[in-house]
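Note sheet for the following structure.
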Amino acid sequence: MSTSLPLADRLNRPIGVLRLSLTARCNLACPYCCPDVEEPPGLLTLEQQIRVIRVATRLGVQTLRLTGGEPLLSRRLLPLLEAVAQARRDRSDPMAGLQAVALTSNGVLLSEPMGRALRAAGLDRITISLDAAEGEAAARMAGLQGGAVAGERLVRQVQDGIAAAFAAGFDPSRGELKLNAVIQRGINDDQLLPLAALARQRGMELRLIEYMDVGNRNQWTLDQVLPAAQMVERINARWPLEPLGRPRGGTARRWRYGDGAGSIGVISSISEPFCGDCNRLRVTADGQAFTCLFSAEGTDLKPALASDLQLEQAMRQLWQRRQDRYSEERDPAAAASTHAEMAYLGG
């Protein structure tokens, strides 16, 4: 087996994060994401998923994030976590180099038993997605029928999921439990303060994400983007903030509350792109590798999954060819380009 040093792409960006989607299905229907009802054909097996993770860590990946769709819908989630945890304990295994294993979920299925099982299986961090803290807006952002009643039910379910994660030992003060929210101007930007208040109750970091032109189903337009700077201004006017900056390779520029009640982060891929140090490789549930969230098509890894060596060669060549910097080159005035869908890519 190869023990090569971590590689870099054509813009000298190392590989550092593997985002592995376990499913394209979701139990919500958020309009900006537009998930598929059925899985794509040819899903990776558990053994193939483990091989992808092992080879990625050999190439330099230090963080594994499991995504969807909704990953809690995948029956392979717990077995995969357990296999990764076992490998991390073996110093001879490349996966021993993983510094963090994380999960992104909408939290609806995150019961107390599931929270304990995830923790016991070796999960280090959970990020829960909720785009509104009030009923009508929550239903709208999740694509639910039933208006405010359905939205209020969803918010309660997600709050229960947050409580379950907290009870399982995921500590917000150590960055182990965070809240994500996609913000659209004129759609849910009135939820900034309610979401911040909800996160502050638990001392969680709230990560605010600019509405992005990922996929082709969401009818994205630039005027629906609320720039991150304006999000920060609104929250700072209510609860004063102190800047923390953005770590190299990170997606979020962070602020902490002056009163100590947690922090916020803003992911500003539209208004302040961070392509220059992006270190993420995305692999879909059916084995397509994408070197950019805004890619039109991926590279099928399945033909290379016969051995670690073949897969390493394929992934190394893919990363060495990488020169994506879509967000820095985005031209809103140009005709809309084609992108893979958000739910398929796993965010």
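Cβ atoms are placed via backbone N, Cα and C, with glycine included.
Swiss-Prot lists R19, R65, T104, K178, R280, L281, R282 with the feature GTP binding site. What Swiss-Prot lists as [4Fe-4S] cluster 1 binding site is C26, C30, C33. Taken from Swiss-Prot, the feature S-adenosyl-L-methionine binding site covers Y32, G69, S129, M212. The [4Fe-4S] cluster 2 binding site annotation in Swiss-Prot covers C275, C278, C292 and rests on sequence analysis. According to Swiss-Prot, the domain 'Radical SAM core' annotation covers 10-242, on the basis of sequence analysis.
The highest number of surrounding Cβ atoms within 10 Å, among the binding-site residues M212, C275, L281, is found at L281. Checking each of the binding-site residues (C30, C33, G69, S129, M212, C292) against K178 (GTP binding site), the C-alpha distance stays within 10 Å for S129.
In this structure, C292 ([4Fe-4S] cluster 2 binding site) belongs to neither helix nor strand by DSSP; it is coil. For the pair R19 (GTP binding site) and Y32 (S-adenosyl-L-methionine binding site), the C-alpha distance works out to 19 angstrom.
Contacts of R280 (GTP binding site) defined by a Cβ separation under 8 A and a same-chain sequence distance of 6+ are given as G16, V17, L18, R19, L293, in order along the sequence. Other C-beta atoms found within 10 angstroms of the C-beta of Y32 (S-adenosyl-L-methionine binding site) number 22, with every protein chain shown included.
Secondary structure from DSSP puts G69 (S-adenosyl-L-methionine binding site) in coil. If you average pLDDT over the domain 'Radical SAM core' (10-242) in this model, you get 95.
Cα of T104 (GTP binding site) to Cα of S129 (S-adenosyl-L-methionine binding site): a distance of 7 Å. Working note on the binding-site residues C26, C278, C292: by count of other C-beta atoms within 10 Å of each C-beta, C278 ranks first. Under 8 Å, Cβ to Cβ, and six or more positions away along its own chain, R65 (GTP binding site) finds V17, L18, R19, L20, V101, A102, L103, T104. Straight-line distance linking the Cα atoms of R282 (GTP binding site) and C292 ([4Fe-4S] cluster 2 binding site), rounded to a whole number, equals 8 Å.
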